[in-house]
Amino acid sequence: QLQNKILILTICAAGIGGTFQYGYNISIINAPASYIQTFMNTTWLERTGVPLESNVILLLWSFTVSAYPLGGLTGAVVAGPMAIMLGRKMSLLLNNVFVIIAATLSGFSRMAKSFEMIMLSRFFTGVNAGVSMNIQPMYLAESAPKKLRGAVALTSASFTALGLVLGQVVGLRELLGGEESWPFLLASNVVPALIQLTALPWFPESPRYLLIDRGDKESCISALQKLRGTSDLSAELEEMLAEQAAVRGQRAKHPWELFQNRALRWQLVSIVVLSSAMQLCGNDSMYFYAAYVFQEAGIPQDIIPYVVIGTGSCELITSITCNIIIDYAGRRPLLLGGYTFMAGWAIVFMVALSQQTQISWMPYLSMACIFAYILSFGIGPAGVTGVLPTEVFDQMSRPAAYMICGSLLWFNLFLVGTAFPFIVKSLAHFCYIPFLVVCVCTALYVWFFLPETKGKSFLEISEEFRKRNLKAKAHAGFYKGPEEIKTTTL
């Protein structure tokens, strides 16, 4: 049980303006797509007297959509320096400035008759999501007690899923998804930002950041007392002081230094594999297919948006379930189970798609596969991937590790978004073969190489990886004795 409501409120205050925005802003752009394309055409017609060709409208729409992952990549790169210089909490607060700029641009775009403002708005929204996707799990995992660290850090995934569902709901025609109200829909992301700006200042900074990065023991104890209530803090403080001693005299690392450091090889390989797999496993592409499959299953066109909300709800339900069980089940079983089930469902989905027109009940199997695939993703990969960089890296390497993770996540989101239509065109019903390969390879990597981190202190996890890295060094013939060990950061 959580000892203190302050921890729960900290999670909510960080989440509502953090990863919630990532999910929300991914889904609100879908509802007004046709209206924004019409707006682009009429605006251009008013400016030049010539209407846009359909392929040019499509190109402009592609730029609008891809501005989001491009902004996310920028946000992921600036998140590391922000977390080090400003602290975790202040970075999350300052991050809301990007959303306020974005909401202002999109809210006034129709009045200003400028579709370029929408593109710029999506870029700033992306920057906000890129920063929060990196800093929120770091802030929460550093603030949580050891036995609840997985569950607390995993709330980032629950807030993403919640944002996704609320974005789908708010985007319904009856609410803000109509032709007249789409600028308000795009500007509605300012509401969570204002809630966070009001709430988060009342809660403490990450105790680990205060002690290890700032060397401020008094503030660290004060933050711990707020977060833990009256429970005994000596054991936790002792563990933090041991970690502080282990990294004494070091400065925060840059991303390229992690690649150069042999003592961090397995940690780095693990987060690169898992962060890439999270976007390359095809979960987001299931949303792309959802409307088509539901249409084939005979669901009326005007009911489809409501059924699509069901897919987002699936991810929300499983991420909350994962939250409850992660500190009992462990990280490895959830990742392994998630990717294995996804591989299985990908095969069934491709078979069902290929037989869609031949067998009358196949569309319903395809429909079941969409829900099952999203459920499998939500139960493991969706949340656990974001927790691991906090657990497998020390305080000085953590921001740089999140920069690498975040950059991979956004680059791969852009890659899949750009490549998926072409994959569908060339492979037709078998378009999930690349995703199937990714799921199988990731499951094998987790099975053979990823150690369990459940219930271990950051130092214990570091020690486990240190042994593994030294073993790899010895096998490669690079091990040079004690002088080599002195240079390790773990």
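Backbone N, Cα and C define each Cβ position, glycine as well.
Feature annotations, courtesy of TrEMBL:
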type     : residues : note
TRANSMEM : 7-24     : transmembrane segment
DOMAIN   : 11-454   : domain 'Major facilitator superfamily (MFS) profile'
TRANSMEM : 56-80    : transmembrane segment
TRANSMEM : 92-112   : transmembrane segment
TRANSMEM : 118-139  : transmembrane segment
TRANSMEM : 151-170  : transmembrane segment
TRANSMEM : 182-203  : transmembrane segment
TRANSMEM : 268-291  : transmembrane segment
TRANSMEM : 303-326  : transmembrane segment
TRANSMEM : 333-353  : transmembrane segment
TRANSMEM : 365-388  : transmembrane segment
TRANSMEM : 400-424  : transmembrane segment
TRANSMEM : 430-450  : transmembrane segment
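This prediction places the mean pLDDT of the domain 'Major facilitator superfamily (MFS) profile' (11-454) at 87. Contact count against the transmembrane segment (400-424) (Cβ pairs under 8 Å) is highest for 118-139, out of 118-139, 151-170, 182-203, 365-388. Between the transmembrane segment (333-353) and the transmembrane segment (430-450), three or more CB pairs separated by 6 or more residues in sequence fall under 8 Å, so the two stretches touch.
Distant neighbours of the transmembrane segment (182-203): 6, 9-10, 12-14, 16-18, 20-21, 24-25, 28-29, 31-32, 35-36, 89, 92-93, 96, 99-100, 102-104, 106-111, 118, 121, 125, 128, 163, 170-171, 176, 226; these residues of the same chain sit at least 6 beyond its ends, with a Cβ under 8 Å from one of its Cβ atoms.
The transmembrane segment (151-170) makes no contact with the transmembrane segment (430-450): fewer than 3 of their CB pairs lie within 8 A, with pairs spaced 6 or more apart in sequence. Against the transmembrane segment (56-80), stretch 118-139 shows more Cβ pairs under 8 Å than any other of 92-112, 118-139, 268-291, 430-450. Below 8 angstroms of C-beta separation, residues 14-15, 17-19, 21-22, 25, 29, 36, 63-65, 67-80, 82-83, 88-89, 91-92, 95-96, 98-99, 101-103, 105-106, 109, 153, 156, 159, 186, 189, 193, 206, 386-387, 389-390, 398-399, 402-403, 405-406, 409-410 of the same chain, each at least six residues beyond the ends of the transmembrane segment (118-139), sit close to that stretch. Just going by CB pairs under 8 A, the stretch in 92-112, 268-291, 303-326 that sits most against the transmembrane segment (430-450) is 268-291.
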